[in-house]
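As recorded in TrEMBL:
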REGION    B:115-245  region 'Disordered'
COMPBIAS  B:117-136  compositional bias 'Basic and acidic residues'
COMPBIAS  B:154-163  compositional bias 'Basic residues'
COMPBIAS  B:167-178  compositional bias 'Polar residues'
COMPBIAS  B:197-207  compositional bias 'Pro residues'
COMPBIAS  B:229-239  compositional bias 'Pro residues'
DOMAIN    B:249-319  domain 'tRNA intron endonuclease catalytic'
ACT_SITE  B:276  active site
ACT_SITE  B:284  active site
ACT_SITE  B:315  active site
């Protein structure tokens, strides 16, 4: 394959490398005007990571608050993890007690719950105020069917089932997704208030 | 102090002594009261006389964090006392009548003499016991002199001991001879131009006074407490001392304390405070806390590091600060808990 044409011009488009899956995602979802493109692309990259590395389904991206309809400080993502992501320690105790009463051991199968995801980049500076602003604009549980669907993949049944309220979910929480330049993404749960830690 | 359990009552407000920008509680009753009634644990910093090398379990005094001292003062249950000034006023400032002073000095001297006698008696008993063990006779006057002057190492040691025993019963007595009763006389007179430079009891050593030949030299007793003669609870000072300086994390400290968390220093987990849901003797801590200003910027790496460490030790990483209202008024403290996502 000739890298350059004989007259020294750049390679023709037909010889350029194929764009990556991520790049194709960016191209197929042009950034809406409410947010800077880099924040929208950050959300897309996190969503891509959730779908393809962590097997989340029904991943959606939001530009407006589901509660106040105002523009969000930055695009947010929500999705359905393959297993339950967070079990409150009190819920865990209750579940284990129920299992014991039923003569079984171990944790029962739990239905998955939809989670908020806050995309961020490691090079950003954050403050308490910015966390507060994000929490003020989200509901306790991300409702299904809102926002822009990026990836399906769920069987639909899960989605409907997840809408049942979990009585133990009483504090807003989100998953802080932090991206680094090497495309590593780490996920940390952030609660809006004092929530006792899990004993895992 | 077995009597200082729940039965002991501590009058509020109680004094917090400040020395060299530290906030100190000396009284064990006050220490347990602050812990039981106000969820303030502080840190015990006193070495134990029987185990001065170990530093895992310490005794009184109790050092308070500036946050703890400020909280107690703000709640009105404690007041600050400048310890140096209180001592100076109490000892040098004519707070003691001359006869009171004399009585106190005599008591000290008596105490020292009793201690010296006691040490002497113990020494004799030990010597007697050792001789009895070695020669099977308690009457060591029968033993010929040359048996005591052995050429062996043990004998030499013994001889050395025996030689030094009369003037100096033990090492404590060595210092006793240098600072005998006469120094007690000088304790309460301003001996130097700058008596504020230290507690008044550290006057220059005086020439030894001659003790009676029958009695061993009295030990110089440095009382472990200054009460008596000082009033154990100095009254609140006329003009209030300024509140302790606290870091910007104080609102978070206060907020968690109001929610009846016990707070202790967080250095061992790389944070500002560790928060316990109850008394630290009964509970593991729940949170590693870092307080900050509402708009203070931080690196996300701090969140990741704190969250990771916290989850690794079964705790949550908690950040928080005071949230101002839109009108600039205080809205209260808002906190966020961070745990590892597990993915």
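Heads up, the Cβ atoms here are built off N, Cα and C, so glycines get one too.
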Beyond the flanks of the compositional bias 'Pro residues' (B:229-239) by at least 6 residues, Cβ under 8 Å: 11, 13-15, 27, 79-82, 85-87, 90-91, 95-96, 100-101, 104
Active-site residues compared (B:276, B:284, B:315) - highest count of Cβ atoms within 10 Å: B:315
Model confidence over the domain 'tRNA intron endonuclease catalytic' (B:249-319) (mean pLDDT, whole number): 93
Residues of the compositional bias 'Pro residues' (B:229-239) by DSSP state, where helix covers H, G and I: 0 helix, 0 strand, 11 coil
Cα-to-Cα gap, residue B:284 (active site) vs residue B:276 (active site), nearest whole Å: 6
Residue B:315 (active site) to residue B:276 (active site) - Cα separation in whole Å: 10
Secondary-structure category, per DSSP, in which residue B:284 (active site) falls: coil
